[in-house]
Structures are given as structure tokens and as C-alpha cells.
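Engineer: Please read through the structure below; I'll follow up with questions.
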Amino acid sequence: MNPNQKIITIGSICMAIGIISLILQIGNIISIWVSHSIQTGSQNHTGICNQRIITYENSTWVNQTYVNISNTNVVAGKDTTSMTLAGNSSLCPIRGWAIYSKDNSIRIGSKGDVFVIREPFISCSHLECRTFFLTQGALLNDKHSNGTVKDRSPYRALMSCPIGEAPSPYNSRFESVAWSASACHDGMGWLTIGISGPDDGAVAVLKYNGIITETIKSWRKQILRTQESECVCVNGSCFTIMTDGPSDGQASYRIFKIEKGKITKSIELDAPNSHYEECSCYPDNGTVMCVCRDNWHGSNRPWVSFNQNLDYQIGYICSGVFGDNPRPKDGKGSCDPVNVDGADGVKGFSYRYGNGVWIGRTKSNSSRKGFEMIWDPNGWTDTDSNFLVKQDVVAMTDWSGYSGSFVQHPELTGLDCMRPCFWVELIRGRPREKTTIWTSGSSISFCGVNSDTVNWSWPDGAELPFTIDK
């Protein structure tokens, strides 16, 4: 074979190999395309597009080694359509209270980045429930937690996180600078109310969907303050109560009607010989019921009920099962303030059912320890101390604190009634536990059910002191 023939032969072989390789590559591409079509042909692409991918990252140093923890969750999409929460349903009939959430924030905070907080409360939209809380601008087990027993400081802020989660910098949303606060959802957006400033000139800042819409200046220059629990929204209007004046004498109390963050009406209560602070409010059949704290002279709780025009009625829970702390032993009640052990108090709540009332209270008469729910079938109007049901949720030996009401609207639950719920603050640290340099709390919550429940204790459970305290 001469050289020219060799060149032609080698070229032909190379061309043949190239053609075969090209055919194989084309076949491979066709095979992949067909396989992909078979796998995806019957799937609902809309469902995939409606998913939300949420990635949480936490970076820290462990024994001089850098650790990055990444947790990716694929969450099925929710219908986020806005709607006006009607608020015109009656309270659901219930037989007791089922545990709903527990955040264990103090226990987790011994080794994790958890905010120092107090005054937690819960509020729900038609899509979710969130825990709101007042931070101290500090983390547990850190030097800035020192002295956080103080109620009012420029470092405090209203923040929120998903219910049941320990409040941390990684899951919390800033809401407002505040040392007293409230928040609620009208079905279209969050209304937040944050009070901050000096005792003799504090200002309440109203925000709607995060934008400042209104301010309210202290009118008595004596520590303007609000609910420390959720406000109430009915048919697009939201309602809150504020107090200004002495904590141990006659003060001034105003109800505000707010629409999309703007005040449309306000009135001052004509309530001589009554004291209203830190009201726990809920909607019921289109009206608003608030059960409050008398820090002046009542060991039973005052109430105010009003409609959307702010026409109101006032009174005190008549039952001889007293709801405040401190308080006397149960006995003869009154529809006026019960003056025995009536000074001071603690934020609390009750739910009215006709002439009956569910009363939430500490188990101790004199300190913020333990918690129980009591059903008095005639307690709203009668003064005896007879009751039918008592459900324990925190043992007498464990610390409790503030408590308050919140509701779940039918738009959230799918029920045809308003589900009553409550939360309990579990305070730890100072002033009672003097081995610590800080004051903070965790929280638990319960919702009313018309089925079986249980007596038990769900305490905070943290072992003190922490490293920073030693």
C-alpha cells in the first residue's frame, strides 16, 4: 500500500469513528429528553411553583473550629389572600384547655443565642400565630443581661417570632421600639403599637404593615402604657386600651378605634373608683370584651365591654373565686372592687360565657407561682366561690407571671366559632431568684377544646444560675 492509500484509509477510519460517536451522542441526548419527559409529564407544575424554600443558617465557633449549620426546609405554599377578619363569631363551647405551645427559651438560652425578654404575648392572623415579646436588647448568658429587671429602658423593643420557637436573632422580626406594646392582625396587615420614651412624656407609635401611621402622646405624663397582649380587630377596625396616670390610684383610661393604623375615634372611660391596666381583650359576637388588672385596690378583675361605636359598659367580675395576685382566700365576692389584698396585681385574663366565667390565675395567693384555670358557671354575676372545674397547668412550686388571652378566628381554624386561647409567662431570674444578674421568661400557651384535657405542670424548667451569674 503506497503512502497515499495509507492516508486515505486512516482518514476514512477516523471519519467513521467520528460519525459513530456523533450518532451515540445524539442518541444519548434523545434518551435523556425522553426520560425527563416521562418523569415530569404527569406532575402538577403549579404545586412546585407554589412551594417556598426557606434556608436557616447558624454560624458559630466550637472549640476554635468554625461550624456552619444550614437547614433547608421546603414548605408547601399557603394561600396568602388578604381578607377582613369579621370578628362576629361567638366563643367556641369548651370543656377544658389543651397545650398549644411551649418555647423553652430559658433552657435553650443557657447555650444558644436567645433574647432576654419579658411580657410575651401571642396574636394570630388568618394564616399564622406569632409570639410577640419585649426584648431588653441583650442575650441570655451575656454581660448585657445584667440589670434587665428594669421595666423601661431605651434598649427595649417589640419583636416577634413563630409561635413555639425560642426568640433569637435568627428567627425574630423587629416590630417597634417599645417598653409597652400591643399587636393584632385585621386580615390584611399587622397593626403594632409600641410605647417608648421618658415616664413623663412617652409616645405610642402606631405602625401598619411596618410603616408608621400615627402617634399618641402621653396625656397625663404619668407612664403611658397599653395592654401587653393582643389588640382586637372586628370588620377591619382594631381596638386597644391605654392607661395614663398613677398605678396606685385613679388614672385615665382611653379606648382607641384604629383602621389601617389610623385612629378614627377615641373615648375616655368614665370609671371612678376603678383601675384598668394591662387589659386582655377578645372579640365575641362583634363586640370587644376586656378583662384587666386593678393595681390600685381590687383583688378581683375589672372588665370593660364595648361595641364598634365605642359604646361601653364597665364592672368587676363578681365571683368569690378571685383572679388577681395578691388576693385573699376565695370567699365572698363582689361586683365592685374587693379591697382585701387589693393593692398591686399581675396581668391576667378571663373568658365570659353568659353568666359563667373561665378564670385564669396563679395558684399562689401571694406570689407569681403556679397557674390554674377555673370554671365558675355563675361567676360573672354571682358572688359565691363555688366552681365546677379546675385545671392545673403550672404547679405551685414553679414560677409563673403575666398571662393573657388571644383568639383564633374562624378564618384560621375553619371552625364556625372563635377559639379562646391563653398564654402564661414563666418568669425566671430577678427579683425572686437572686443568684442571677438578669430577668427573663419563657412562655406556654393553651387553647380551649370541647374534648378531653389533662391536669399537669409545664414549668420553665431551666437550671439556674448560668455561667454569666457565677
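Just so you know, glycine gets a Cβ as well, placed from its N, Cα and C.
Relevant sequence annotations retrieved from Swiss-Prot are reproduced here:
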ACT_SITE  D151  active site, proton donor/acceptor
ACT_SITE  Y402  active site, nucleophile
BINDING   R118, R152, E277, E278, R293, R368  substrate binding site
BINDING   D294, G298, D324  Ca(2+) binding site
CARBOHYD  N44  N-linked glycosylation site
CARBOHYD  N58  N-linked glycosylation site
CARBOHYD  N63  N-linked glycosylation site
CARBOHYD  N68  N-linked glycosylation site
CARBOHYD  N88  N-linked glycosylation site
CARBOHYD  N146  N-linked glycosylation site
CARBOHYD  N235  N-linked glycosylation site
CARBOHYD  N285  N-linked glycosylation site
CARBOHYD  N365  N-linked glycosylation site
CARBOHYD  N455  N-linked glycosylation site
REGION    11-33  region 'Involved in apical transport and lipid raft association'
REGION    36-90  region 'Hypervariable stalk region'
REGION    91-470  region 'Head of neuraminidase'
TOPO_DOM  28-470  topological domain 'Virion surface'
Engineer: Which of the recorded positions N146, N285, D294, N455 has its Cα nearest to the Cα of R368 (substrate binding site)?
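Structural biologist: Ranked by Cα distance from R368 (substrate binding site), first place goes to D294.
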Engineer: Among the recorded positions N88, N146, G298, report those whose Cα falls within 10 Å of that of N285 (N-linked glycosylation site); none is a fine answer.
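Structural biologist: The recorded positions close to N285 (N-linked glycosylation site) (Cα within 10 Å), listed in sequence order, are N88.
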Engineer: Average pLDDT across the region 'Involved in apical transport and lipid raft association' (11-33)?
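Structural biologist: A mean pLDDT of 69 is what the predicted model shows over the region 'Involved in apical transport and lipid raft association' (11-33).
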Engineer: Excluding near sequence neighbours, so keeping only residues 6 or more apart in the same chain, what lies with its CB under 8 A of E277 (substrate binding site)?
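Structural biologist: Set apart from E277 (substrate binding site) by at least 6 residues yet with Cβ under 8 Å, we have R225, T243, S247, A251, C292, R293, D294, N295, G345, K347.
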Engineer: Cβ distance under 8 Å to N146 (N-linked glycosylation site), same chain, sequence separation 6 or more: which residues?
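Structural biologist: Non-local contacts for N146 (N-linked glycosylation site): I437, W438, I468.
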Engineer: Fewest other Cβ atoms within 10 Å: which of the binding-site residues R152, R368 wins that one? Let me know.
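Structural biologist: Each of the binding-site residues R152, R368 was scored by Cβ atoms within 10 Å; lowest is R152.
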Engineer: For D324 (Ca(2+) binding site), identify the closest of the recorded positions R118, N235, E278, N365, judging by Cα separation.
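Structural biologist: So, spelling it out, the nearest of the recorded positions is N365.
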Engineer: Of these recorded positions, D151, E278, D294, D324, which scores lowest on Cβ atoms within 10 Å?
Structural biologist: D151
Engineer: According to DSSP, folded down to helix, strand and coil, what is Y402 (active site, nucleophile)?
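Structural biologist: Reduced to three states, the DSSP call for Y402 (active site, nucleophile) is coil.
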Engineer: Can you grab the distance from N88 (N-linked glycosylation site) over to R152 (substrate binding site)? Cα atoms, rounded to a whole Å.
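Structural biologist: Their Cα atoms are separated by 36 Å.
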Engineer: Comparing the glycosylation sites N88, N285, N365, N455, which residue's C-beta has the most other C-beta atoms within 10 angstroms in this structure?
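Structural biologist: Per the Cβ count, the most surrounded site is N365.
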Engineer: Residues with Cβ closer than 8 Å to the Cβ of the residue listed as 'active site, nucleophile', same chain and 6+ apart in sequence?
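Structural biologist: Same-chain residues close to the residue listed as 'active site, nucleophile' (Cβ under 8 Å, separated by 6 or more) are E119, E228, E278, V346, K347, G348, V424, E425, I427.
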